[in-house]
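One structure is given here, and the rest of the page talks about it.
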Amino acid sequence: MLSFFTLKSHGLKSKPSLNPVSYTPLKILCYYHNTTDNNFNDNNINNGCNTPISPPPQKQHLQQQSLVRSICSLVCESYSQQTQHVRLLQSPSLNLSVNPDSLTHEQAITVVASLASEAGSMVALSFFNWAIGFPKFRYFMRFYIVCATSLIGNENFERAHEVMDCMVRVFAEIGRFKEAVNMVIEMENHGLVLTVRTLNCVTGVAGEMGLVDYAENVFDEMRVRGVCPDSVSYKLMAIAYCRMGRISDTDRWLKDMVRRGFVVDNATCTLMISTFCEKGFASRVFWYFDKWVELGLKPNLINFTSLINGLCKRGSIKQAFEMLEEMVKKGWKPNVYTHTALIDGLCKKGWTEKAFRLFLKLVRSDDYKPNVHTYTSMIHGYCKEDKLSRAEMLLGRMKEQGLVPNTKTYTCLIDGHGKAGNFEKAYELMDLMGKEGFSANIFTYNAFIDSLCKKGRFLEACKLLKKGFQLGLQADTVTYTILISELCRRADTREALVFFSKMFKAGVQPDMHTYNTLIAAFSRQRRMEESEKLFAEAVGLGLVPTKETYTSMICGYCRDRNVRLALKFFNRMSDHGCTPDSLTYGALISGLCKESKLDEACQLYEAMVDKGLSPCEVTRLTLAYEYCKQDDSATAMVILERLDKKLWIRTVNTLIRKLCSERKVGMAVLFFHKLLDKDQNVDRVTLTAFTTACYESNKYALVSDLSERISKGIG
């Protein structure tokens with residue numbers, strides 16, 4: 001049994017069970033009043049119950065009894081008024097003209113116990129719910145215990161569990177969650193058998209507080225205590241991990257749910273879709289969505305819109321529209337949020353004209369009109385394409401419709417004008433934001449300083465950022481990465497490391513993009529020791545190296561003529577789920593060629609082409625030229641054969657010029673004749689280079705033969 005459920009370890013002792021049949025208000029009150037064990041003490045509230053109270057004078061005792069009877073009478077009267085016309089399933093809200101400050105803790109306990117015994121559970125619950133509306137009683141644990149015990153005396157176990165659930169939630173508000181849970185467990189000794197509902201309540205609250213390990217312990221304890229976890233138990237665990245962004249743990253619980261045939265509800269479905277898509281696991285959650293539908297989930301409009309939004313964010317626009325069709329087939333009509341997700345996705349792909357057609361459809365709709373987010377998505381799309389006049393037109397149209405642009409709207413426009421170099425307009429927009437009551441946030445400043453840096457105005461960017469700091473803004477990871485990137489672009493790695501150090505001191509965590517920027521800069525400078533340290537540091541922080549990280553490392557080692565380590569990193573890429581692209585292959589092939597390891601380079605080239613990757617011109621040329629240097633034109637020809645005609649012609653033209661620059665005209669003429677076999681349109685630059693090289697090498701006959709063939713048009 002788990003330690004947190006072992007009552008003795010918490011100083012909790014079992015009490016003799018009371019016989020429910022013999023419960024009376026007086027017995028209940030005396031029992032709890034005389035209890036001095038830790039589990040019934042409220043040390044955080046000065047209630048005067050930590051030591052036994054001496055019997056009051058007879059007159060005071062009679063006054064207290066009179067007050068209790070009066071309140072019981074008022075409660076019964078108010079309850080009757082609330083329920084005389086309608087039969088309620090829940091206890092009604094009482095309308096009591098009672099000052100809670102005039103009621104002591106002990107009197108409140110007596111009232112709830114008396115009502116449960118003499119007027120019934122629902123009347124007692126109505127008073128309980130009224131009382132916990134005031135802090136004086138809300139955080140008085142013994143009040144909950146007496147109420148629950150009184151309900152147990154009435155054999156109303158369901159309502160007793162409700163009180164315990166309420167206690168767990170309320171005391172979690174003030175940091176006494178585990179204390180409340182211990183009391184729930186203690187209530188087993190007083191006749192309240194633990195149920196899956198109560199333990200689910202504990203699990204849910206623990207999850208909301210981020211105490212996922214505690215929640216897992218509660219889940220495990222269910223089986224130990226003979227309580228069978230239900231679909232809600234699994235769902236709560238999945239939600240807890242999902243809210244923390246721990247996708248692998250969420251996946252573990254969802255997988256178990258599917259295996260047991262449990263299906264999530266619509267709200268949980270939306271949460272899972274949004275979080276998985278945000279973390280880059282869209283494919284996985286789409287698989288779960290299909291499974292949930294098979295198990296009986298009936299997706300609603302919000303579920304479909306979340307799916308469409310997730311597909312659009314990852315650029316799967318075609319699938320998003322297919323999902324839209326499926327949604328309509330199931331009887332759901334897209335709303336403004338559905339259309340906005342599609343418009344945003346189209347704009348991010350650069351398809352602003354298609355987005356605008358959909359936007360106009362929304363404008364003409366009788367049901368929905370574009371909102372601020374819709375306009376902002378369109379404005380962002382136009383700004384990305386440097387169509388600033390259209391973006392400004394939409395801003396005006398937006399204001400005409402009575403919509404108020406928000407900070408994000410202005411940030412998009414500032415970013416667009418900044419990228420276009422219209423800094424005067426960008427500054428005007430920042431001023432306009434302030435006049436309209438919007439404060440530029442760190443995203444606004446990041447967009448602006450990024451544009452300034454890209455236009456070479458680094459000092460101005462720093463000055464603007466300083467102004468933002470004076471206004472109370474805090475730099476984030478993106479801010480530092482922008483500045484570090486600009487310094488690395490200037491090859492000022494020393495100053496870049498200064499900013500990197502400032503980043504840590506400010507408590508800002510660098511991301512993989514920050515590390516990639518520095519690793520690439522040091523690799524370009526052949527400072528591989530520093531690159532290795534940064535790589536190891538990033539992995540140590542739990543960051544996952546990307547394809548760009550590995551490519552930078554491989555390029556650096558190849559520049560440093562250390563192909564052995566380059567190959568080592570190439571083979572490690574799969575450890576972090578990275579797949580090499582044409583740039584990665586190209587860098588490694590180039591490095592192998594420099595060390596005359598042509599066989600290995602050729603194998604990599606073949607593997608690259610087999611995977612459907614298109615080698616860049618430099619890679620094609622490098623490998624073919626290295627074989628030509630070895631007087632192996634046949635292999636060079638074979639390497640180039642797999643290219644399509646257009647790429648082949650361009651590569652061979654470049655290769656001929658390269659061979660001519662090295663006075664290898666004998667080899668060059670072979671490729672020239674092959675070129676004429678495929679294309680009669682002679683590249684004049686290539687022909688001039690060949691002719692010049694032949695004359696300088698006294699190979700006049702080669703020029704004559706080639707000229708004759710060109711003039712005759714022999715193919």
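Backbone N, Cα and C define each Cβ position, glycine as well.
Unlike curated records, TrEMBL annotations are generated automatically.
Noted in TrEMBL for the protein shown:
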| type | residues | note |
| --- | --- | --- |
| REPEAT | 195-229 | repeat 'PPR' |
| REPEAT | 230-264 | repeat 'PPR' |
| REPEAT | 265-299 | repeat 'PPR' |
| REPEAT | 300-334 | repeat 'PPR' |
| REPEAT | 335-370 | repeat 'PPR' |
| REPEAT | 371-405 | repeat 'PPR' |
| REPEAT | 406-440 | repeat 'PPR' |
| REPEAT | 441-475 | repeat 'PPR' |
| REPEAT | 476-510 | repeat 'PPR' |
| REPEAT | 511-545 | repeat 'PPR' |
| REPEAT | 546-580 | repeat 'PPR' |
| REPEAT | 581-615 | repeat 'PPR' |
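Beyond the repeat 'PPR' (300-334), the same-chain residues lying 6 or more positions past its ends with a Cβ under 8 Å from any Cβ of the stretch are 266, 269-270, 273-274, 276-278, 280, 282, 285-286, 289, 341-342, 344-346, 348-349, 351, 367. Cβ atoms under 8 Å from those of the repeat 'PPR' (406-440) belong to residues 372, 375-376, 379-380, 382-384, 386, 388, 391-392, 395, 398, 447-448, 450-452, 454-455, 457, 468, 471 of the same chain, restricted to positions at least 6 beyond its ends. Counting residues 6+ beyond its ends, the repeat 'PPR' (371-405) has Cβ neighbours under 8 Å at 336-337, 339-340, 343-344, 346-348, 350, 352, 355-356, 359, 362, 412-413, 415-417, 419-420, 422, 436, 438 in the same chain. Residues 301, 304-305, 308-309, 311-313, 315, 317, 320-321, 324, 327, 377-378, 380-382, 384-385, 387, 401 of the same chain, all 6+ positions outside the repeat 'PPR' (335-370), place their C-beta atoms under 8 angstroms from a C-beta of that stretch. Break the repeat 'PPR' (406-440) down by DSSP state and the numbers are 26 helix, 0 strand, 9 coil.
Note on the repeat 'PPR' (335-370): DSSP counts are 25 helix, 0 strand, 11 coil. Taking DSSP states H, G and I as helix and E and B as strand, the repeat 'PPR' (371-405) has 26 helix, 0 strand, 9 coil.
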